[in-house]
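Structure record follows, encoded as structure tokens.
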């Protein structure tokens with residue numbers, strides 16, 4: 001089989017039709033799956049010796065949340081090391097990273113696999129993977145044809161990554177000679193709430209404003225702080241963390257501002273506080289609402305004037321610190337109740353960010369579950385950890401009062417339980433491996449029995465007509481591709497279409 005000019009043109013057109021990078025990547029993967037007639041396809045980004053899924057088709061949704069480290073996936077490592085098309089034979093001893101991740105076929109192993117490394121110049125930036133359930137599924141495509149596909153995908157991915165770098169560094173196009181990967185904390189999620197949060201992080205990171213991060217316990221406020229710091233001009237300097245809720249009142253001031261020798265019993269030497277440690281960098285104050293009013297007043301002075309005093313010292317020290325604060329309390333209510341200073345609240349909340357709870361993030365719970373499954377797989381040395389359909393359904397209908405942290409612990413516990421109930425190094429998580437209280441699952445949908453208003457011939461023709469229409473739409477009105485999809489002769493398909501009134 002050879003790719004026609006029309007097929008390549010259709011792929012190029014799909015790359016231009018999307019509004020954003022994510023949409024374009026998804027169009028590319030969906031089109032490739034149709035053209036190559038594979039069971040699953042994926043576009044992966046390469047970063048720090050791991051592949052990060054950007055778009056998938058034919059794979060379980062939790063794949064988008066997984067991070068495939070090369071040391072745990074020998075096939076992906078082989079693709080990363082190769083400079084060309086990689087074909088894995090059906091009897092390859094290297095496990096496929098997608099085994100058990102094709103919906104409806106969790107217990108079956110992937111047979112055919114092709115990997116296409118994607119390059120920008122000499123730099124590996126990603127990969128295309130094609131998987132099928134038949135051993136010889138991709139034998140009809142030559143390496144040259146697959147290289148053409150890889151070139152189109154590499155161009156799209158390279159442009160997207162370069163634009164991302166330019167936007168994050170606020171550079172002019174003429175300032176960038178080549179793409180360089182920018183390490184950033186991975187915030188997993190594609191829900192509207194998380195998409196908006198990521199946009200706001202990009203906006204505020206480039207500034208030097210103080211940020212107040214609010215959200216329920218376990219939503220990931222510390223990850224937000226890390227993402228802001230890593231995308232800021234201060235990223236080369238330290239990010240210092242302090243949990244205000246864990247500070248005894250007797251040592252809180254010393255922890256923040258430091259002390260000199262002899263300032264109090266036990267002060268046997270000079271000691272720098274968190275503000276000094278974070279000089280020219282960022283200080284993250286977690287659970288800021290737990291600070292006493294006296295300490296709030298001293299913190300306010302630092303934010304106003306940029307100087308600190310160590311405990312027991314009359315001298316002031318200048319510091320240049322950006323403060324990111326987080327809380328699970330409603331600080332406006334705390335201000336009204338007199339437990340938090342209004343002036344400090346306004347100083348901190350120059351640019352407030354709100355992290356959505358997991359119950360409001362839709363399918364993000366499945367992406368995060370995939371991420372934690374992959375973490376457990378690596379940590380426990382398992383060959384695969386996958387979610388059954390029942391487990392995914394359960395996770396989507398539990399409200400997670402403990403948010404992402406509760407999900408993480410639930411996945412880890414479920415993996416341990418599932419591993420104990422079966423031999424081998426493959427784990428499939430079932431609903432019974434989770435101990436969620438009072439989860440009400442929706443009743444299974446019962447299809448309504450239609451009232452028969454047609455005779456058998458009319459009903460058959462109506463079904464054939466609709467099936468052909470759908471196949472044509474999926475194959476861009478390519479009759480040959482439609483015939484292959486329906487597993488019929490193209491001439492017979494033309495005759496049937498004429499009889500059904502679909503062709504003149």
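Quick reminder: no glycine exception, Cβ is built from N, Cα and C everywhere.
Quick caveat, the model's predicted, so the values are computed rather than measured.
So that you can see what the record holds, here are the features copied from Swiss-Prot:
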| type | residues | note |
| --- | --- | --- |
| MOD_RES | 57 | 4-aspartylphosphate |
| DOMAIN | 187-416 | domain 'Sigma-54 factor interaction' |
| BINDING | 215-222, 278-287 | ATP binding site |
| DNA_BIND | 479-498 | DNA-binding region |
Between the Cα atoms of residue 57 (4-aspartylphosphate) and residue 218 (ATP binding site), find the distance and write it as a whole number of Å.
31
Which secondary structure state does DSSP assign to residue 279 (ATP binding site), in the simple three-class scheme?
coil
Cβ neighbours within the same chain of residue 285 (ATP binding site) - under 8 Å, at least six residues apart
242, 244, 291, 323, 324, 325, 326
Per-state residue totals over the DNA-binding region (479-498) - DSSP helix, strand, coil:
17 helix, 0 strand, 3 coil
Per DSSP, three-state class assigned to residue 57 (4-aspartylphosphate):
strand
May I ask you to report the DSSP-based helix, strand or coil state of residue 218 (ATP binding site)?
coil
